[in-house]
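What follows is one structure encoded as structure tokens, with my remarks underneath.
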Amino acid sequence: MYDIIIVRNGEISVKKKNKAEFENALVKNIKYRLYKNKEVKIQKENGRVEISLANADAFEIIKKIDDIFGVVSMSPAMVSDSGYDNLFELIKRLIDFEMDKDKKTSFKLSIRRIDKSFDMQSNQMNIDMGEKVLKEYPNLYVDVKNPEFEIHCEFRKDVNIVYSKKILGEGGMPRGINGRACTLISGGIDSPVATYLMARRGLFIEAVHFHSYPFTNERSKQKVIDLVSHLTAYCGKIRLHLVNLLDIQKEINEKCPEEYMTILSRRFMMRIAQDIANEYECTALITGESLGQVASQTSLGLLATDNVVNTMPVFRPLIAMEKDSIIEVAKKIGTYDISIIKEEDCCTVFLPKKPATKPKMEKVLSSEEKLDIDKLVKSAIEKREILELKIK
Ligand code: ATP
Ligand code: MG
């Protein structure tokens, strides 16, 4: 039986100044995930996060927390009172629990002497303790370069801790540590991946989706709700703003050149998302654009959408990614199967026959002069529907 799980947060330690804040966020997120496991205790201990298991199964707990952002690696470990003799007893307990006594196995001891008042150096301790272990277990032999079994020991003032396994976690930064960002989410493959990648950098997520109801149907709306609900497993609670773009699209369709339809609606999406973002204290927008993927995603296309946003940066984590790699992430996080369900998208309503790939800014601006931008934006925002989505 293991006593604790050591949770490491590599990237956090790099930012020494924010260490406490980062660890607090990580503790909070782990507590949130393990709220049903009343028996475990999650705390900052020995300069990192530790989970006291009581009677809980270590690997069940590890499976529950291995996709939490900020968890770099985990080790199920055993703990005893301090002291050199106790350390030997503890090492034996670990070997008895984890190893096959009948199998020849190479091993290595790595003792860290954290209690510097002890009068033996770490090296000496390794040699001395190693000999004791060899005497006790004839099936073990030493291999310091490439051991099958490395026993890590922490010799501390108040406790001894030993472990051999290191299980990789999700990495990234604890949720919310870098504030909040507003994602523009469609029903496609890309934007859920973009949202996940930015949330992984420690952002809380606010989501905006544009539809053209009744031109787009209820099912396409439900698909986006399903996608965002799925993302809450990684991102925590997400508010989803459902904005009807139809009135705006009709206006553009009536008054502006056909080939500018996509770019002009895109600019409205960005304006509306920016206003919602500001209302909810977001400090960035997120989109799933990738250079050259479709007609509107050229440098000039991106410039045209970018320059209506002037109060925050636009994060485009997929900008340099190949479609194959994007799909790989979508499959890993489980959004792919939802994204590929065929539904109408608001962008396919009024789709121009030949969208402008090199939109001219003067033409964009002169087209927009025919529209009452502020009124259209305000009205779309006022009529939006807001859903609060949580982990199921
Ligand atoms: P996706 O797979 O995310 O739909 P895409 O390759 O289909 O991306 P576009 O349709 O050109 O590309 O959209 C580019 C980005 O604009 C999307 O990644 C998303 O961030 C945003 N976007 C597009 N359509 C919508 C929509 N209906 N609601 C909200 N955001 C949208
Ligand atoms: Mg799309």
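Every residue gets a Cβ built from N, Cα and C, even glycine.
Curation plays no part in TrEMBL annotations; they are all automatic predictions.
Residues or ranges marked as domain 'THUMP' in TrEMBL: 59-166.
Here TrEMBL flags Leu184, Ile185, His209, Phe210, Arg266, Gly288, Gln297 as ATP binding site. In the three-state DSSP classification, Gly288 (ATP binding site) falls within coil. A sphere of 10 angstroms centred on the C-beta of Gly288 (ATP binding site) encloses 25 other C-beta atoms.
Most Cβ neighbours within 10 Å among the binding-site residues Leu184, Ile185: this distinction goes to Ile185. If you count neighbouring Cβ atoms within 10 Å for each of the binding-site residues His209, Arg266, the highest count belongs to His209.
Of all the binding-site residues given, namely Phe210, Gln297, the one with the smallest number of surrounding CB atoms inside 10 A is Gln297. Assigned with DSSP, the residues of the domain 'THUMP' (59-166) fall into helix, strand and coil as follows: 37 helix, 33 strand, 38 coil. In the three-state DSSP reading, Leu184 (ATP binding site) counts as strand.
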